[in-house]
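Colleague: Could you have a look at this structure, given as structure tokens, before my questions?
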Amino acid sequence: MLPIALLFVLSLFGLSDTRPLKDRGLIDNAAGQTYDYIVIGCGVSGLVVSSRLSESEDITVLCLEAGALDHYEDEIQIPYYIGLQPDGFYEWGIYTTPQGQLDGVSRHIPMGKGVGGGSLINGMVWNRGNQQSFNAWNDLGNSGWGWESLLPYFEKSETYTPKNYAGREVQPVLENSAVHGTSGPIQVSYPNYYWPQTDNWFSALQEIGIPTSAEPNQGLSAGGYFLPLDIDPNNQTRSDARRAYYDPNIQRNNFNVQPYSQVTRIIFEQGDELTATGVEFAAGPSSPRQTAFASREVVLSAGAIHSPQILELSGIGQSSILEGLGIEVLENLPGVGNNLQDHGMIHLDYSYTNPDIMDVEDFATNSQFNDDSAAEYYSSKTGPWTAKPSCAVAFPSLEQTAADAAGMISAARSAAYNLPDTYANEPTLQRGYEQQLDSVLGELASENIPAFENLNNNAGGLDLALMRPLSRGTAHITSTDPFAPPNVDPRWLVHQFDYDVMILAMQVNQKILDTDAIQALQPSYAQIPRDANTDQLGEILRVGIGTEYHYSSTTAMLPLDMGGVVSDQLRVYGTSNLRVVDTGIYPMVPGAHLQAVAYGVAEKAADMIKADQ
Ligand SMILES: Cc1cc2nc3c(=O)[nH]c(=O)nc-3n(C[C@H](O)[C@H](O)[C@H](O)COP(=O)(O)OP(=O)(O)OC[C@H]3O[C@@H](n4cnc5c(N)ncnc54)[C@H](O)[C@@H]3O)c2cc1C
Ligand SMILES: *[C@@H]1O[C@H](CO)[C@@H](O)[C@H](O)[C@H]1NC(C)=O
């Protein structure tokens with residue numbers, strides 16, 4: 001056995017972790033065994049739930065993960081590598097159906113695959129969204145899911161360390177310690193480096209009337225923010241689900257994680273309700289199917305694309321879809337795989353050409369700058385390599401940016417819904433959608449509710465994402481083969497309002513770029529002409545828009561007569577002991593990046609499951 005210190009050094013160079021399975025907390029012998037709980041998918045939600053349930057020594061937990069356990073690769077741990085991971089790096093490699101409402105082209109929809117799920121490869125941005133968005137979950141019939149109920153769980157997941165960038169002209173980090181956790185597993189903090197041109201960003205926002213002075217994570221405002229990351233404040237490495245919820249607990253004999261185990265089906269006993277008795281899994285399409293048994297509950301945490309797939313393969317879903325594939329319908333739940341929501345995102349590049357400005361693009365083009373930054377990172381955990389993710393962003397509301405916000409909202413109410421074909425003859429889905437539409441538009445009338453996001457990267461990258469979509473997509477199986485990827489149709493911008501909000505966002509970008517503060521950085525207009533009109537913007541939008549990786553709402557927590565799949569206890573309707581815990585349960589996607597919400601929701605779910613023991 002190599003000493004731990006040496007292993008750590010090896011791991012920093014990305015070499016394989018050669019420790020035996022058991023020393024890494026893994027097992028490979030779940031087949032035929034019985035556990036109190038089986039958790040499907042060991043991503044963000046699955047690791048929170050399984051680590052919390054295994055806090056009690058006499059409770060046994062099995063978490064089955066389709067992907068691998070990582071080897072502490074630099075590409076995971078060092079913020080510099082965000083966006084630079086090789087293709088397929090802890091990632092599923094799934095594409096959407098062709099997006100006919102845009103340009104007819106299909107898009108890659110990256111999803112994390114491995115112990116830690118999306119948190120291994122995500123952009124590390126940590127924000128929660130607005131209080132009203134969670135109160136709206138509650139008001140749609142989910143008692144106990146408003147902001148006040150969630151806040152203790154948001155706090156439970158994090159240890160927040162503020163940082164002051166002393167001497168900055170614009171002081172960006174605003175903190176209300178009352179909304180932050182002090183002892184949770186995820187380290188939430190800020191990079192040790194501050195790009196000077198961040199000041200230009202905040203000045204530009206102020207110049208066009210977008211406020212920049214609120215704590216981003218108390219959920220009360222729209223505007224410009226300096227966001228925290230899931231970054232360790234001391235050594236400036238990623239604090240992900242694997243390192244925060246798994247590593248500290250690998251010594252628990254009752255916490256079993258088995259990688260390379262893709263769940264193919266949940267097994268039920270039929271009675272008044274369905275009782276999940278176990279799960280079937282396999283390492284790959286040609287490997288033997290094996291079974292593990294659950295004596296208490298099965299928790300489905302495979303993410304918003306794969307959880308509906310597993311339900312459908314197991315006989316729970318929209319009966320027309322199951323029957324079409326010859327799958328026996330155990331429970332007809334039309335909501336499964338419908339109501340798909342995502343934040344459509346477009347990358348827009350106005351690369352700053354001012355030669356005096358160093359930025360993240362110079363890592364690739366200026367080897368001296370990159371080498372110096374790397375050396376500084378490795379020697380002192382400071383410098384530009386710590387500051388790759390977007391921190392200085394904006395989440396403006398319609399009121400703050402549109403000439404006629406009220407007019408946009410009333411036009412949205414009378415626009416065609418353009419719902420997916422699967423909504424035809426499904427009154428519960430239609431009713432659920434109408435209530436969501438009413439709720440989202442009601443929120444957006446407030447000046448405090450973000451309608452879109454501007455993701456500034458301090459290099460002239462001004463990406464835009466739609467925060468409160470009215471479009472709905474689908475994620476369904478088209479085959480009984482569990483190794484065939486589900487058919488994902490996000491249908492971004494199919495609702496006219498979503499398109500209009502994105503055009504508005506592009507026009508807000510134009511205003512930001514026209515400010516003295518940004519002109520000083522000399523943006524390039526090679527990709528998007530400076531004076532582009534709405535038709536030209538629309539052309540760029542239809543070709544460029546894709547995912548912000550925020551798939552959600554495909555197993556919605558809603559009343560059954562509104563197309564719900566799970567109750568406010570997260571239990572799948574018609575079952576006695578199957579719950580879903582992942583971003584699929586959000587009835588409506590909040591206007592924020594999803595991981596902080598996913599951790600908080602999973603913390604709350606773990607407490608609910610414990611309370612039923
Ligand atoms: C590239 C990228 C960038 C992102 N950037 C940000 C960001 O900056 N900030 C932010 O807040 N959020 C970001 N996100 C989103 C965030 O990471 C996800 O919302 C979050 O991980 C979702 O958590 P989850 O538990 O629902 O699913 P996941 O974390 O995706 O976990 C699901 C797990 O289930 C496993 N699984 C799936 N099917 C099966 C099966 N059949 N059997 C066994 N296991 C299975 C998967 O391999 C995965 O490990 C990003 C995501 C991606 C992909
Ligand atoms: C970073 O620090 C944390 C403790 O705060 C530690 O658990 C982790 O192993 C460190 N990671 C690296 C790569 O130094």
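Any Cβ shown, glycine's included, is placed from N, Cα and C.
Note that TrEMBL annotation is computational and uncurated.
Not my notes, these are from TrEMBL:
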- 1-18: signal peptide (SIGNAL)
- 112-135: domain 'Glucose-methanol-choline oxidoreductase N-terminal' (DOMAIN)
- Asn122, Gly123, Met124, Val125, Val263: FAD binding site (BINDING)
- 303-317: domain 'Glucose-methanol-choline oxidoreductase N-terminal' (DOMAIN)
- His550: active site, proton donor (ACT_SITE)
- His593: active site, proton acceptor (ACT_SITE)
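In the displayed structure, how are the listed features positioned relative to their neighbours?
Modeller: Confidence across the domain 'Glucose-methanol-choline oxidoreductase N-terminal' (112-135), taken as the mean pLDDT and rounded to a whole number, stands at 98.
The number of other Cβ atoms within 10 Å of the Cβ belonging to Val263 (FAD binding site), over all protein chains shown, comes to 27. DSSP classifies Val263 (FAD binding site) as strand under the three-state reduction.
Packing against the domain 'Glucose-methanol-choline oxidoreductase N-terminal' (303-317) from elsewhere in the chain are residues 40-41, 43, 94, 109, 111-112, 117-118, 263-268, 274, 327-333, 336-337, 340, 475-477, 480, 482, 486, 488, 551-555, 565, 572, 574-575, 580, 582-584: each is 6 or more residues past its ends and has a CB under 8 Å from a CB in it.
Around His550 (active site, proton donor), the same-chain residues at least 6 positions away in sequence with a Cβ under 8 Å from its Cβ are Gln341, Asp342, His343, Thr583, Val589, His593, Leu594.
His593 (active site, proton acceptor) counts 26 other C-beta atoms within 10 Å of its own C-beta, drawing on all protein chains shown.
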Colleague: For Met124, Val125, listed as binding-site residues, tell me which one has the smallest number of other Cβ atoms within 10 Å.
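Modeller: The binding-site residues Met124, Val125 were compared, and Val125 has the fewest Cβ atoms within 10 Å.
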Colleague: For Gly123 (FAD binding site), which residues of its chain lie six or more apart in sequence with Cβ-Cβ distance below 8 Å?
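Modeller: Those within reach of Gly123 (FAD binding site), by Cβ under 8 Å and sequence separation of 6 or more, are Ile82, Gly83, Pro389, Ser390, His593.
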Colleague: With every protein chain in view, what's the tally of Cβ atoms within 10 Å of the Cβ of Asn122 (FAD binding site), excluding that atom itself?
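Modeller: Asn122 (FAD binding site): 21 neighbouring Cβ atoms within 10 Å.
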Colleague: Could you check what DSSP calls Val125 (FAD binding site) once collapsed to helix, strand or coil?
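Modeller: The residue in question, Val125 (FAD binding site), is strand (DSSP, three-state).
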Colleague: With DSSP as the reference, give the number of residues of the domain 'Glucose-methanol-choline oxidoreductase N-terminal' (303-317) in helix, strand and coil.
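Modeller: The domain 'Glucose-methanol-choline oxidoreductase N-terminal' (303-317) comes out at 11 helix, 2 strand, 2 coil.
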